[in-house]
Amino acid sequence: MSLSNKLSITDVDVKGKRVLIRVDFNVPLDENKNITNPQRIAGAIPTIKHALDNGAKAVILMSHLGRPNGAVNAKYSLKPVVPKLEELLGKPVTFAPDCVGPEVEAIVNKADNGAVILLENLRFHIEEEGSSKDKEGNKTKADKAKVEEFRKGLTALGDVYVNDAFGTAHRAHSSMVGVDLPQKAAGFLMKKELDYFAKALESPQRPFLAILGGAKVSDKIQLIDNLLDKVNTLIICGGMAFTFKKVLDNLAIGDSLFDKAGAETVPKLVEKAKAKNVKIVLPTDFITADKFDKDANTGLATDKDGIPDGWMGLDCGDESIKLYKEAIDEAKTILWNGPAGVFEFEKFAGGTKATLDAVVEGCKNGKIVIIGGGDTATVAAKYGVEDKLSHVSTGGGASLELLEGKELPGVTALSSK
């Protein structure tokens, strides 16, 4: 799956056509149905405007919201999105009461002069995800013929298909892979994600550094394994580092996080790093806590003495930060996935903040810095530096699967140039 040769919305003639766009309007709503963070709606505006500015007959938007589990549930209606969307677009938006069916087709086919239509939640139909779960976790599979019918129903609403929902690209859902139109293009959000991940995974400027944090080694084995084929240097930080330190250096780690399952793969990963000539950087000092709490008492532990029993490492210390900065200074391409400590607690946010400051500085000096979604994107938002980095991915699960070397169904489904 090449990321850099996919058809983009700018390659497609939309004049006089119905443009069906899969957006990600899965926004947080409070109990009064007010949107608490409209970022995802704002993110889709350039793609929608491009279609309108280039003479689209109509723009039809489809999305999911929450997890209604294949049934209609007013709590998850997309209707509350309409006012915000109208405000950001500066034009009226028609809300369709469903996402498929004769009534919806009539609304869509009547629309012209660049009308914008928002369809109701795709996941009100079990055929979108292909299955649903009840409260006990029992799965019901969708009927194959009905899934086909649902996909035909979506296909009937457009002449050109555009996917701008990178965050759902790792899901083989009907709206991601089942729309059967001759041209299936990436929107601007999707295109930016693919371009930057191609810069890292297909043609990085070297030296290429990956910074991997987070809690469990076992969650990141595939990620580490895939990146060892691509990077020059790998910083392993966060809770995951303690498992490496204990296995490799027999360091006393006290009550710090230890991942027994992940520990078994550490020697194999380190062996691969040696074979591939990848330098692994681990922390050498730690900010410790007497309990997992924002108000915990703190201490400092080093490689020499280890972490005493009853204490746990929740962040890295100044010596480690120096090592990280050296690696960041040397690199030309930096990919960061997973914080360096428990940044949610102010006392243990120092390592993550210092790492962030160093990559922001690097970006200012021309380095390519990519933040791989999830917690690390939260860190960039917390300190308000998203616009000071080359790219902050919007897809937690999708970016992780891409970095693990997996094919993303929603990307594979797009037309190639």
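Using N, Cα and C of the backbone, Cβ positions are placed for all residues, glycine too.
Here the structure is a predicted model, which means the values were calculated and not measured.
According to DSSP, His170 ((2R)-3-phosphoglycerate binding site) is assigned to coil rather than to any helix or strand. Annotation comment: Swiss-Prot describes Val23, Asp24, Phe25, Asn26, Gln39, Arg40, Ser63, His64, Gly66, Arg67, Leu122, Arg123, His170, Arg171 as (2R)-3-phosphoglycerate binding site.
Marked as CDP binding site by Swiss-Prot: Gly214, Asp219, Gly238, Gly338, Ala340, Phe343. Secondary structure at Asp219 (CDP binding site), as computed by DSSP, is helix. For Asp219 (CDP binding site), the same-chain residues lying six or more positions away in sequence with a CB closer than 8 A to its CB are Gly262.
The ADP binding site annotation in Swiss-Prot covers Gly214, Gly238, Phe343 and is backed by similarity to another entry. Other Cβ atoms within 10 Å of the Cβ of Gly238 (CDP binding site) number 29 in total over all chains.
Taken from Swiss-Prot, the feature Mg(2+) binding site covers Ala215, Asp219, Asp375, and the record attributes it to similarity to another entry. Proximity of Ala215 (Mg(2+) binding site) to non-local residues of its own chain (separation of 6 or more, Cβ distance below 8 Å) is seen for Gly238, Gly239, Met240, Leu257, Asp259, given in sequence order.
The ATP binding site annotation in Swiss-Prot covers Ala215, Lys220, Gly239, Gly313, Glu344, Asp375, Thr376.
Glu344 (ATP binding site) is surrounded by 14 other CB atoms, counting those within 10 A of its CB over all protein chains shown. Under DSSP, Glu344 (ATP binding site) is assigned to coil, being neither helix nor strand in the three-state scheme. Annotation source Swiss-Prot lists AMP binding site at Ala215, Lys216, Lys220, Gly239, Gly313, Glu344, citing similarity to another entry.
Across the structure, Gly214 (CDP binding site) and Gly66 ((2R)-3-phosphoglycerate binding site) place their CA atoms 25 angstrom apart. Gly239 (ATP binding site) falls within neither a helix nor a strand when secondary structure is assigned with DSSP, and so counts as coil.
Secondary structure from DSSP puts Gln39 ((2R)-3-phosphoglycerate binding site) in a helix. Within the same chain, residues at least six positions away from Phe25 ((2R)-3-phosphoglycerate binding site) with a Cβ under 8 Å of its Cβ are Arg40, Ile41, Ala44, Leu61, Ser63, Leu65, Leu78, Val81, Leu85, Leu118. For Gly66 ((2R)-3-phosphoglycerate binding site), the same-chain residues that are 6 or more apart in sequence and have a Cβ closer than 8 Å to its Cβ are Asn26, Lys75, Tyr76, Asn121, Arg123. In three-state terms derived from DSSP, Leu122 ((2R)-3-phosphoglycerate binding site) belongs to a helical segment. Across the residues annotated as binding ADP (Gly214, Gly238, Phe343), the widest Cα-Cα separation comes to 11 Å.
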